[in-house]
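Annotated N-acetylmethionine per Swiss-Prot: MET1, in sequence order. According to Swiss-Prot, the feature phosphoserine maps to SER16, SER141, SER459, an assignment based on a large-scale study or a structure entry. The annotation SUMO2 cross-link is assigned in Swiss-Prot to LYS65, LYS218 on the grounds of a large-scale study or a structure entry. Sequence annotations record features per position, and here Swiss-Prot assigns phosphotyrosine to TYR127 based on a large-scale study or a structure entry. Residues annotated as phosphothreonine in Swiss-Prot: THR138. Sequence annotations record features per position, and here Swiss-Prot assigns domain 'RRM 3' to 363-437 based on sequence analysis. The domain 'RRM 4' annotation in Swiss-Prot covers 480-555.
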Amino acid sequence: MDGIVPDIAVGTKRGSDELFSTCVTNGPFIMSSNSASAANGNDSKKFKGDSRSAGVPSRVIHIRKLPIDVTEGEVISLGLPFGKVTNLLMLKGKNQAFIEMNTEEAANTMVNYYTSVTPVLRGQPIYIQFSNHKELKTDSSPNQARAQAALQAVNSVQSGNLALAASAAAVDAGMAMAGQSPVLRIIVENLFYPVTLDVLHQIFSKFGTVLKIITFTKNNQFQALLQYADPVSAQHAKLSLDGQNIYNACCTLRIDFSKLTSLNVKYNNDKSRDYTRPDLPSGDSQPSLDQTMAAAFGAPGIISASPYAGAGFPPTFAIPQAAGLSVPNVHGALAPLAIPSAAAAAAAAGRIAIPGLAGAGNSVLLVSNLNPERVTPQSLFILFGVYGDVQRVKILFNKKENALVQMADGNQAQLAMSHLNGHKLHGKPIRITLSKHQNVQLPREGQEDQGLTKDYGNSPLHRFKKPGSKNFQNIFPPSATLHLSNIPPSVSEEDLKVLFSSNGGVVKGFKFFQKDRKMALIQMGSVEEAVQALIDLHNHDLGENHHLRVSFSKSTI
């Protein structure tokens with residue numbers, strides 16, 4: 001883009017007219033596809049704007065001096081505390097971006113705040129100012145998939161448990177309370193699983209710079225004091241996290257402001273940490289937290305990439321549909337930070353990683369407590385294929401109650417784990433964790449395998465082959481009601497009822513879609529029966545070149 005010029009002397013504020021000087025006209029205008037691809041490989045972007053002087057409030061905000069490897073999610077996160085981000089344009093070749101807020105008031109609050117507090121991404125200060133354009137308008141080209149998937153993920157967050165719609169008010173309140181403490185007092189109730197200092201740091205860092213943490217036990221409760229760099233971050237974290245669960249249905253956060261205004265940390269170890277003083281001694285008198293917690297919970301250790309994530313979790317505790325916060329590198333942490341499944345699905349659709357999404361880099365799942373007499377690679381391929389494109393499946397030769405399932409990426413693995421863990425398959429509740437393996441190895445030529453390892457990398461049954469596939473918008477947890485599609489006109493309701501009851505299941509209800517008889521809902525006697533029916537009948541040949549498509553439904557009959 002010829003109109004984008006190198007940054008000039010610090011302290012001189014530039015209007016965005018300089019960025020688009022070669023392609024701006026009065027009224028609506030278009031960035032040329034050549035200039036856009038030169039900057040970021042994106043297709044042409046359309047804008048509607050008018051001539052405005054630099055610094056005049058606008059919903060569109062110009063961000064400069066971004067790190068080279070910055071992600072869409074990180075850029076969007078700059079605007080989250082102030083309101084809803086409605087559009088995004090990345091110019092990675094120029095280390096710049098434009099974001100559009102839902103209101104001018106939100107944008108104004110954001111610019112005012114970052115004028116007094118310089119934002120930092122990946123250790124690098126960045127610069128924020130108003131754009132002279134009233135709105136961003138992007139097209140629907142394939143190259144926009146990542147940005148749009150990121151926005152969809154964030155919008156799912158904002159409409160979900162975090163209630164970030166109130167965050168602009170939170171920022172205003174925090175800025176108005178100059179005397180408010182930046183220190184939070186955190187109590188973790190219903191402590192079924194270990195909560196470590198690093199777990200708290202991962203969660204609370206989403207809302208600002210964490211300076212210090214001290215953990216302790218008081219009145220038989222695990223507690224912590226956490227100091228942010230500023231009161232605004234503390235206010236945002238309190239509003240967003242108070243009452244949330246770290247893990248499924250347990251480890252509930254209760255958060256209040258501390259009377260302290262600063263923490264004095266003497267040691268950097270598993271109980272306390274000063275992130276501004278890496279030179280502090282460790283104080284070897286205390287045993288490491290992961291060892292003591294593992295002993296307290298009586299659970300076996302699990303190999304983990306994180307030294308603070310070694311404690312095992314009780315294997316029988318699994319409530320798959322309860323939302324929790326995600327903890328990277330901690331096995332058993334299911335749902336992401338109060339992010340509904342739609343957010344993870346949107347991320348998977350765009351092949352992006354949401355900051356804070358558990359296991360974003362690990363695509364291999366360890367599935368245990370399988371029925372060794374009935375489980376097959378094909379049954380696992382079909383079931384896990386509801387939540388992503390399964391690449392390989394290996395049932396362990398000497399431990400056939402265990403299997404490895406490799407998904408296309410870490411987001412899909414997260415979706416499968418959060419939806420399927422604890423559900424019954426062949427009469428047994430399966431348990432799912434992230435595997436320590438990065439991929440599933442195929443057997444060597446001549447090696448005895450008994451057909452227990454299968455490669456599905458090129459399977460025609462993959463549901464999500466296209467980036468941004470609409471199938472990601474229709475992912476739901478296992479339920480007794482199944483959604484059927486691709487039904488030929490010659491197949492009747494009775495035909496389908498007979499088909500779905502042929503393997504011993506009970507059909508409790510059925511109805512065709514009024515406007516489209518190619519689709520129907522069928523209700524089985526239980527969730528377990530529906531799971532088995534999906535495995536048995538997805539891709540079933542109904543004749544007339546129609547293969548039945550089966551998925552879980554959010555609706556009931």
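Yeah, the Cβs are placed from backbone N, Cα and C, and that goes for glycine too.
In the three-state DSSP classification, LYS65 (SUMO2 cross-link) falls within coil. The Cβ of LYS218 has fewer other Cβ atoms within 10 Å than any other of the recorded sites LYS65, LYS218. For the residue listed as 'phosphotyrosine', applying a Cβ distance below 8 Å and a minimum sequence separation of six or more within one chain yields ILE63, ARG64, LYS65. The residue listed as 'phosphothreonine' and LYS218 (SUMO2 cross-link) are 53 Å apart (CA-CA, integer value). On the backbone, the CA of SER459 (phosphoserine) and the CA of the residue listed as 'phosphothreonine' stand 34 Å apart. Candidate modified residues: THR138, SER459. Fewest other C-beta atoms within 10 angstroms, SER459. Broken down by DSSP into helix, strand and coil, the domain 'RRM 3' (363-437) contains 19 helix, 21 strand, 35 coil.
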